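Worksheet for the structure shown next.
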Amino acid sequence: MKITELLTKHTIKLNIESKEKENVIDEMVTVLDKAGKLNDRQAYKEAILNRESQSSTGIGEGIAIPHAKTASVINPAIAFGRSKDGVDYESLDGQPAHLVFMIAATEGANNTHLEALSRLSTLLMREEIRKQLLEAESEDAIIDIINQHDKDDDEEEEEEEAAPAPAGKGKILAVTACPTGIAHTFMAADALKEKAKELGVEIKVETNGSSGIKHKLTAQEIEDAPAIIVAADKQVEMERFKGKRVLQVPVTAGIRRPQELIEKAMNQDAPIYQGSGGGSAASNDDEEAKGKSGSGIGNTFYKHLMSGVSNMLPFVVGGGILVAISFFWGIHSADPNDPSYNTFAAALNFIGGDNALKLIVAVLAGFIAMSIADRPGFAPGMVGGFMATQANAGFLGGLIAGFLAGYVVILLKKVFTFIPQSLDGLKPVLIYPLFGIFITGVLMQFVVNTPVAAFMNFLTNWLESLGTGNLVLMGIILGGMMAIDMGGPLNKAAFTFGIAMIDAGNYAPHAAIMAGGMVPPLGIALATTIFRNKFTQRDREAGITCYFMGAAFVTEGAIPFAAADPLRVIPAAVVGAAVAGGLTEFFRVTLPAPHGGVFVAFITNHPMLYLLSIVIGAVVMAIILGIVKKPVTEK
């Protein structure tokens, strides 16, 4: 497939009007929307902003490639926008962006589409193409330039195989990967290959893109390589590099600093990889990684914890909503001895409560351990988490089990390094499961479970004994945490605490947490309705969507507004969410469902007071926004 089957005259804008990043993104999203490529403009924009929050797609050299792969895209497409004066896109080199290519990929985009999208990023690495695009005078000229240089993947591979690698100082290997696998993955690969050719160095680059792994490194190549560059912002297969010198960096380093990386690899200026199981690019030896993504124990702990929480959430949401639906027939409708007993309600409660929700601690522990030690950590983590559930050690016991199992397996990997390479196949199928489950199980049974269960029991009793003042303070803190970063670490920490308390049998904290999480989008929706002169027409349209997202407990619905005006929106959201959280505790509302938004309000002990708390919080936020935001003048 040619790139110009995705980039058409209808998705080209020769003169971008906006000068700042947020407005440029909005302008380019509008181009795709008007061309009929999107079914949910706001959801697509949120996906773009979410990708930008990870690292800027302004890669330098005057190029920005915002991209997202989401179900809000009808057909894969590329939009092109040009600014001869340049726009402030927060590019990695600090320079203005002149060429903006916005890539829209469908959730189920086939390989043909993805390969064409990926090929675009490699074309833009060539200076002569960028110059031609800047000087083109019409949409047709843009199309002609792309067609002139575009080659199908088969042609590229033939050309690559036909041209022997230059004689140099030894063959080095590289792996590139980014979260979406559309742009940065291939731009980093292309930058490394171009620079290696210039330096006279033989290189092979494996790309982990959306269409799968290409040019996969063989065991023999890995064995012979002096060093391996891993430029990746997502997990890649790392155990194959054990014992080799590996330079781990963010994918943007592959684009921005290819010569430095290649020279380090050739000089073997890289640590020996010990097989810890991590595949993230941000390593401690890379200064850029330290500056942008953090380092140290706290960052590592958070990464592993979020791996567990993100994989646990489907069980929480699915199981929790099934339990909530069963309450339509009555709170005790699953009890055969209660007059409200209903067979179908009992089945829903059994599926959601007795099975799905009973797995959450084990799943949490399993995926934490897997994040630490790769697949060998999964089984010991699951077993440890299940033991915590059985011993009433709850969520905290599961957290401990996950980290314990992960590092037990890391220790086992170091202990069994004496085993001959010919017997390596026994490690993942026999040695790690056997000793990992045994050691984790023994430690959980005789060291962890009893004191943690006692602590969880104490914590539950303490929370139940709190007076109104302390409860309100707790509600204010938890509600505010849900709005500070809207889906970020503090939001996830509060949500995780709420789930832990539900698991321990205390339903008050999660009432404040869910109320606080609903306020940001609802407050914005109200503000766009009441204070219409403070928002653009586009914002008012997006505000309608926020009513539904807020009602469904999707805090992230407020992110586009917060990203566009953080100094006004975030403080207002925190105050409103804190008010809602504090009121739920003042009214002593309890909520046994982990998810569901206003649709599970009826299962609280005080449904109307709970809804009132949410409404008051949203109104407070809307009023603050109405006061602090200035009227807008639309063109």
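The chain as shown is numbered from 1 upward.
Positions of Cβ are set from backbone N, Cα and C atoms, glycine also.
Annotated in Swiss-Prot:
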| type | residues | note |
| --- | --- | --- |
| ACT_SITE | HIS67 | active site, tele-phosphohistidine intermediate |
| MOD_RES | HIS67 | phosphohistidine |
| REGION | 149-168 | region 'Disordered' |
| COMPBIAS | 152-162 | compositional bias 'Acidic residues' |
| MOD_RES | CYS178 | phosphocysteine |
| REGION | 273-293 | region 'Disordered' |
| TRANSMEM | 312-332 | transmembrane segment |
| TRANSMEM | 350-370 | transmembrane segment |
| TRANSMEM | 392-412 | transmembrane segment |
| TRANSMEM | 428-448 | transmembrane segment |
| TRANSMEM | 470-490 | transmembrane segment |
| TRANSMEM | 511-531 | transmembrane segment |
| TRANSMEM | 544-564 | transmembrane segment |
| TRANSMEM | 569-589 | transmembrane segment |
| TRANSMEM | 608-628 | transmembrane segment |
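In this view, the residue listed as 'active site, tele-phosphohistidine intermediate' is surrounded by 26 other Cβ atoms within 10 Å of its Cβ, with every protein chain counted. With a 10 A radius on its CB, CYS178 (phosphocysteine) counts 31 other CB atoms from all the protein chains.
Stretch with the largest number of CB pairs closer than 8 A to the transmembrane segment (511-531), among 428-448, 569-589, 608-628: 608-628. A separation of roughly 11 Å, to the nearest angstrom, links the Cα atoms of HIS67 (active site, tele-phosphohistidine intermediate) and CYS178 (phosphocysteine).
Remote same-chain residues near the transmembrane segment (428-448) are listed as 375-377, 379-381, 383-384, 387-388, 391, 393, 397, 400-401, 404-405, 408-409, 412-413, 416, 419 (criterion: CB distance under 8 Å, separation of at least six residues from the stretch ends).
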